[in-house]
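Asks: Here it is: the structure, laid out below.
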Amino acid sequence: MKKLGVLLSTILIFCLGFSGCGGGSSKSNSQSSNGTPTLASITVYGKNAVTSVAAGASLQLVAQGNYSDGTIKDISSSVTWSTSDATVATASATGLLTSKKAGSVIATAAQGSVSGTMTVTVNGAALSSISISGGSPVAAGVSEQLTAEGTYTDSSTQAITSQVTWQSSDSTIATVSSSGMLKSLKAGSVTISATMSSVTGNASVTVSSAVLTSINVGTPSPSLASGGTEQLTATGVFSDSTTQPITTQVVWGSSDSTVAVVNSVGLLTALKAGSVTVTASMSGVSGTGNVVVNAPSLVSITVAPVAFTIASGQSKQLSAMGVYSDGTSSDVTSQATWTAASTAYATVSSSGLVTGVAAGGSTITATIGSKSGSAVATVTSALLLSIMVTPATASIATGQTQAFTANGIFSDGSTTDITNSVTWSSNATNFATIDQTGLATGVSTGAAMITASSGTATPGMAALTVTAAVLTEIDIAPDGQYIPVGGQYPLALTGTYSDNSTQTITNATWSSSDSTLASVDPNTGIVTGVANSNNNPVTITASYGGMTNTTTVYITSAVPESLQITPATASIASGTTQQYAVNVVYSDGSIQPVTAGLSWLSSLPSVAGIDSNGLATGFTPGQATITVAFDSMTATASLTVTSATLSNIVVTPVSTVVGINGNVQYTATGVFTDNSTQDLTSQVIWSSSNASFALINAGGLANGISAGVTTITATSGSISGSATLTVTTATLVGIKITPDSPTVPPHSKVQLTAIGTFSDGSQIVLSGVSWHTSSARYAMVNGSGVLRTKKATNQPVVVYARLNGITGQTNVNITSMTIQSLAITPSPATVAMGTTVPFALTATLSDGVTTVDLTASARWQTSNYQDAVINRQGIATGIAAGSVTITGSVNGQTPATATLTVSNATIQSITVTPANPTIALGALQQFAASGLFSDGSTQDITSIATWTSSAPTVAVVNQKGVASSVTHGQTSVTATLNGTPGSTILSVN
């Protein structure tokens with residue numbers, strides 16, 4: 001028995017050692033000392049004997065303790081649980097295994113040194129539920145895609161729409177395809193199910209009645225004229241494919257209400273040409289249609305005037321007005337085709353201008369397409385429009401007659417002699433009368449206007465001058481005059497008149513039978529000896545008033561006429577010398593130097609002496625007259641001997657204008673007795689005559705204080721010089737340089753002028769301007785604005801003029817073109833003795849088009865300095881009555897010439913313009929003076945007249961005629977020449 005017990009115990013222990021079924025366990029054969037059974041092994045197994053689990057699912061593990069006494073016990077909560085791969089599965093403290101991903105893992109339960117294991121297989125995640133999306137609510141006739149989504153044991157989700165089996169609980173309400181497409185059939189409720197792997201998901205779908213899905217807009221005519229209407233239609237298409245007219249139920253709209261509008265019932269009204277989209281909307285659904293609106297169509301044409309009358313040859317402009325489908329109207333005169341029913345009576349141009357041809361009537365029609373309008377034209381006979389009298393001007397002596405002719409000009413363009421059918425009249429019968437045949441008779445010296453009139457026609461007129469007597473004979477004196485070569489002799493022409501009176505004739509035409517021996521001025525009768533005639537006569541002819549007369553002259557060899565000593569005036573310092581030269585001037589104008597046979601004399605030998613060779617020496621300050629004698633002729637020169645002291649101070653600018661707070665830099669130049677000059681700007685004492693108008697500092701910088709005129713003075717010892725400064729309330733706002741953008745050849749001079757524009761709108765030529773160029777390599781400009789070009793360049797040279805912080809500029813084009821020709825203006829010119837006339841020299845360049853004013857470059861000469869002189873600026877001054885030739889040359893070109901006649905006319909009156917102007921305080925006014933001379937000529941004398949103001953406290957005027965206002969009031973501005981004044985009133989507000 002005892003052996004049997006031991007055997008059974010052994011068998012039991014062995015069985016317990018292998019009873020885990022899921023894995024083995026470690027064993028302990030120890031037993032407590034007190035005989036308490038100990039844990040021998042641990043058996044691990046899954047609840048319900050499960051050994052595998054889907055990913056994401058959980059499995060409860062059980063730990064069974066096998067004790068030494070053969071007992072077993074669930075010790076799951078007292079063991080320590082672990083897994084071999086926590087990424088596949090983990091075990092909680094209570095043995096709950098949570099799977100994570102597919103794989104195999106060993107789960108271990110341990111207590112002390114005893115443990116047990118179990119292998120668990122984790123399969124892929126299993127479908128746990130299905131959810132359906134879409135389908136509720138839905139309108140009948142609508143198809144809608146349903147979707148099925150599966151949720152798996154690992155909490156993942158997956159679209160399984162195409163994998164499930166779809167089913168509808170009522171296929172009369174809705175069906176569902178194998179792909180989950182729901183098709184609603186009629187109103188009701190239905191359950192849609194999706195099944196997969198024994199898992200089913202359901203969704204309830206409610207089907208409502210059919211709904212509107214689209215709208216079709218009907219436009220019967222896709223285009224119509226402006227002003228027309230059209231009924232639109234709207235058809236609704238519903239979800240069950242049924243259609244229904246909904247024209248009056250929709251809301252209508254237009255994309256451009258300026259082109260077309262639609263009312264509430266779909267009636268479209270076209271307004272103007274263009275394209276428009278019309279829209280019909282209902283329940284959030286819209287439909288559109290396109291309509292093109294064309295320009296309004298022409299309905300009718302009206303011609304105006306409807307009826308009219310014109311004379312043959314006269315014209316009448318008609319107009320055509322078109323009325324359009326949109327109710328508008330417009331002038332279609334230029335678009336219409338014009339026709340005349342009877343062109344024998346009237347014609348019409350393409351622009352609707354009707355012209356009468358002959359007396360009669362014609363219908364005038366304007367046509368566009370199929371539309372037309374007409375007017376009736378009545379043409380009468382041609383009308384007398386005006387009268388032309390010939391001759392237009394005539395002159396007769398007292399008692400003589402003049403026949404006039406009257407020609408009528410008619411409306412048809414024809415002319416007819418109507419001399420005997422007009423009424424003739426004279427406006428001055430004390431000078432001339434006229435009979436009704438058009439024959440006028442001179443009554444007394446004077447002028448009359450002869451008029452021919454008839455009805456309403458424009459009368460014709462002619463001017464008739466009646467002279468006192470008729471020239472009957474002309475006579476030249478003297479006869480047989482001897483003239484040396486180069487000498488001149490004036491011949492006189494006397495006219496004898498029908499009343500036996502005589503008169504010197506000055507405007508005859510003169511000619512010579514041989515101008516190689518003797519020439520005669522064709523206008524003045526002055527004969528000039530050209531070559532020795534060897535005692536042969538030359539015939540001089542004078543023609544005047546259809547009459548001629550002759551005389552003879554004889555030309556002898558040239559004879560000495562005068563001595564010429566140079567220099568005529570000179571100034572030398574004490575101890576220095578002056579060499580004189582002597583020329584003999586012959587009658588032919590030739591000059592021969594002479595050195596032998598001369599006698600020299602000084603009027604004051606203590607001041608200056610002179611030797612036999614004409615060398616003068618200055619001894620003491622003073623003035624001596626140097627006289628030279630040769631062959632009964634003498635000439636004198638003035639010699640001044642100085643000790644070289646300051647004699648004059650020149651202040652520049654001489655006269656300028658500045659605004660309040662504006663600055664002007666003055667320069668003082670000292671002129672010494674030996675004619676040397678020196679800049680004394682920083683050495684002189686500067687002063688302003690009226691410090692309330694302007695102040696000036698020690699450096700010559702003046703500053704404008706208030707409106708007025710002050711004299712700026714520079715003083716050194718007892719010598720002073722002054723300039724006029726005008727301070728104006730107007731400020732300089734701009735400078736314009738003239739000429740603007742000139743084209744100039746190289747090596748030329750052009751005078752530039754700076755014109756200032758002030759804030760009050762006045763303009764004045766500026767002085768004291770600072771000039772410079774952008775490139776001194778090509779051109780330079782001096783302080784007087786004279787531009788000197790150097791060489792040609794393709795780039796323009798910029799010239800700048802600056803004053804008081806204001807700068808003006810212009811571009812100068814220095815061209816490679818050469819000078820083709822030169823011309824002088826004016827030509828011919830007339831000037832009274834003692835007055836001046838400015839000449840200009842204009843060059844035409846080699847392109848034959850471009851011209852440039854080269855007056856500043858010119859070398860000016862006069863053929864006779866006894867009659868007229870000309871300065872470097874081209875300003876000629878008349879000296880004595882006569883005619884001279886003015887010559888202008890530049891750069892070696894063929895010179896240009898002009899004739900200048902110096903008359904002995906005297907000034908009769910002076911007109912100052914503008915007359916009686918009004919200016920604001922502080923403003924400027926440029927005046928001009930025009931002189932009327934005894935020969936009837938007029939001349940601008942602004943620059944040579946003497947200007948004065950009667951009230952300098954109101955305004956002052958400089959010698960250029962520019963008045964500067966000082967205070968409120970009036971003053972008389974006067975220009976005077978040779979004792980003759982002219983004036984006007986200047987008002988300052």
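Numbers here mean position along the shown chain, with the first residue as 1.
Every residue, even glycine, has its Cβ placed from backbone N, Cα and C.
Predicted automatically and left uncurated, TrEMBL annotations should be read as such.
Annotations for this protein, taken from TrEMBL, read as follows:
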type: DOMAIN; residues: 38-121; note: domain 'BIG2'
type: DOMAIN; residues: 126-206; note: domain 'BIG2'
type: DOMAIN; residues: 211-292; note: domain 'BIG2'
type: DOMAIN; residues: 297-378; note: domain 'BIG2'
type: DOMAIN; residues: 383-464; note: domain 'BIG2'
type: DOMAIN; residues: 470-552; note: domain 'BIG2'
type: DOMAIN; residues: 559-640; note: domain 'BIG2'
type: DOMAIN; residues: 645-726; note: domain 'BIG2'
type: DOMAIN; residues: 731-813; note: domain 'BIG2'
type: DOMAIN; residues: 818-900; note: domain 'BIG2'
type: DOMAIN; residues: 906-987; note: domain 'BIG2'
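Could you give the neighbours, burial and distances for every feature on this list?
Replies: Within the model, the domain 'BIG2' (38-121) carries an average pLDDT of 92.
Helix, strand and coil counts under DSSP for the domain 'BIG2' (645-726) come to 0 helix, 52 strand, 30 coil.
According to DSSP, the domain 'BIG2' (731-813) comprises 0 helix, 47 strand, 36 coil.
With DSSP classes pooled into helix, strand and coil, the tally for the domain 'BIG2' (818-900) is 3 helix, 47 strand, 33 coil.
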Asks: Using DSSP, how many residues of the domain 'BIG2' (559-640) fall into helix, strand and coil, respectively?
Replies: 0 helix, 52 strand, 30 coil
